[in-house]
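Pulled from Swiss-Prot, these are the features on record:
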- Thr12, Thr13, Ser14, Thr266, Gly309, Gly409: ATP binding site (BINDING)
- Thr12, Arg16, Thr266, Gly309, Gly409, Asn413: ADP binding site (BINDING)
- Thr12, Arg82, Glu83, Tyr135, Asp244: sn-glycerol 3-phosphate binding site (BINDING)
- Arg82, Glu83, Tyr135, Asp244, Gln245: glycerol binding site (BINDING)
Amino acid sequence: MSSFILAIDQGTTSTRAILFNEEAKLVHYHHVEITQYFPQGGWVEHDPEEIWDSTLLCCRNVLEEASLRAADIAALGISNQRETTILWDRHTGQPLYRAIGWQDRRTVNFCEQLASQAGVLAKFVEKTGLILDPYFSCSKIKWILDNIKGAYEKAKRGELAFGTVDSYLLWKFTGGKCHATDATNASRTGLFNINQQRWDDELLTLFDIPKSLLPTVLDNCAQFGFTDLDLLGHKIPITAMIGDQQAAAVGQACIKPGMVKSTYGTGCFMLLNTGDQIIHSRNRLLATIAYRLNDTVTYGLEGSIFIAGAAVKWLRDPLHLIEKANDSESMASSVEDTGGVYLVPAFTGLGAPYWDPNARGALFGLTRNTQREHIVRAALEAVCYQSKDLVRAILNDGANLTTLRVDGGMAANNWLLQFLSDILGVNVDRSRCIESSALGTAFLAGLGAGLFDSLEEMTGLWQADRHFIPQMDPKKQEELYDGWQKAVEKTLTPAAPLLFP
């Protein structure tokens, strides 16, 4: 009997295929790094074919390494980097352009011009829960249609398909038989009305995007189709799709209102479960869909940080201050403090709660005594300060936060999580399975395949690996955070047209 679940976690810098058993225990995983392209300042792209090739390779390798066959897999689920935008030809399956990444800022001017038009901003926020920012898919689609020769005409004729990465992978897995997405990914496009749960004709007109481009929107657990026989040697049912951050919230068992998770990967994403209530933030957070099951929507309040683990990669690759990412932990702990150094990693602008697309990274407080260890520590501390920015915004929106559940690649760093607990002044719990996105995806896929009965079972499956308790004096905490706020203030650009009404 088929009893294993295959979860795809397609991220910004790598693709993973993770096998879980019927008890949602991790059995084996395989990962492949993928390339990011930076053709101009503020531009971030991927090769869609590389994304697909890496996904298929991971699936084949993880099965081989675990001595399993595709026939042993009861269900497949897909989680993905959100907002990243792909357009492809419906007949040939060929991408029209590279995938424009979620970090890409090329549409800043367009978004600012649109936001300056009377009534546009308030309407956009009310319908989508988002802000009018290059982060989301709508302006990326618009850019491709306007800048790739013949794209708009082909779209009008119904010859092109749009998808976030989940939708593109589904198309490839099913041999073009299924063009669909899920409610969480749809909610990150800027074209989906989260109140009415449908593509919004008024928003499509605003961005001049033909509706024929768009995929069908399904629940997170649904019958999305089957993998083509030729791909893995057996047709595997695809029973779940979900954006990676929402998948992590499920994997962290944040299924009750008031529960919060934070994922530390390339960026950092903090998500608060708000139940059946849409909370329009007064503090520049995003209202979004946490998950949709049986046509019932659970909403979330999210803060997005563009640069977290990417700052460590920056220390490693162009700067060569570290050899390996995990060297950052020992280097940060080897000095008592940063020596007054603050890094504001606004390499692609600043996300929540500032939403300044034109801000750029800066190092402050350098002296002749500054060592590379101080800079490395400042990079890790910056992740924690940005997290405090988000926590303050969540608290100011009326939420109560006593414990934060964390996951992602950076969550393996004990020093980082202790400093995070110290600077936030709250308990931080690290999940035993730091692959929370994959776990949440696997659980939903199993739910869709009938291996699990209800979402509540996830609560019993979640286990903490380690608890981090605040140890810093509150006065010291305030002093350090005040220095961060002053550093951020120096990087912010003159006010552009407001992105919130």
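For all residues, glycine too, the Cβ spot is worked out from N, Cα and C.
Annotation note: Asp244 (sn-glycerol 3-phosphate binding site) sits in a helical segment as assigned by DSSP. In sequence order, Glu33, Ile34, Gln36, Thr266, Lys313 constitute the residues six or more apart from Thr13 (ATP binding site) in its chain with CB-CB distances below 8 Å. Fewest Cβ neighbours within 10 Å among the binding-site residues Thr12, Ser14, Gln245, Thr266, Asn413: that distinction goes to Ser14. Counting only the Cα atoms, the space from Gly309 (ATP binding site) to Asn413 (ADP binding site) is about 11 angstrom. The Cβ neighbour count for Gly409 (ATP binding site), using a 10 Å radius over every protein chain in view, is 20. Within 8 A of the CB centroid of the glycerol site residues Arg82, Glu83, Tyr135, Asp244, Gln245, the other residues of that chain are Gln81, Thr84, Trp102, Arg188, Gly243, Phe269, Ser304. Each residue contributes its Cα atom, and for Tyr135 (sn-glycerol 3-phosphate binding site) and Thr12 (ATP binding site) these two points are 14 Å apart. Sequence-ordered, the extra residues of this chain that approach the sn-glycerol 3-phosphate site, with Cβ no more than 8 Å from the Cβ center of Thr12, Arg82, Glu83, Tyr135, Asp244, are Asn80, Gln81, Thr84, Gly101, Trp102, Arg188, Gly243, Gln245, Gly267.
The Cβ neighbour count for Arg16 (ADP binding site), using a 10 Å radius over every protein chain in view, is 21. DSSP classifies Tyr135 (sn-glycerol 3-phosphate binding site) as coil under the three-state reduction. Most buried of the binding-site residues Glu83, Asp244, judged by other Cβ atoms within 10 Å, is Asp244. If you draw a 10 Å sphere around the CB of Arg82 (sn-glycerol 3-phosphate binding site), it holds 25 other CB atoms from the protein chains shown. Its own atom aside, the Cβ of Tyr135 (sn-glycerol 3-phosphate binding site) has 28 Cβ atoms within 10 angstroms in the protein chains shown.
Nearest neighbour of Gln245 (glycerol binding site) by Cα distance, taken over the binding-site residues Arg16, Arg82, Glu83, Gly409: Arg82. Taking the Cβ of Gly309 (ATP binding site) as centre and 10 Å as the limit, one finds 21 other Cβ atoms among all the protein chains shown. In the three-state DSSP classification, Ser14 (ATP binding site) falls within a strand.
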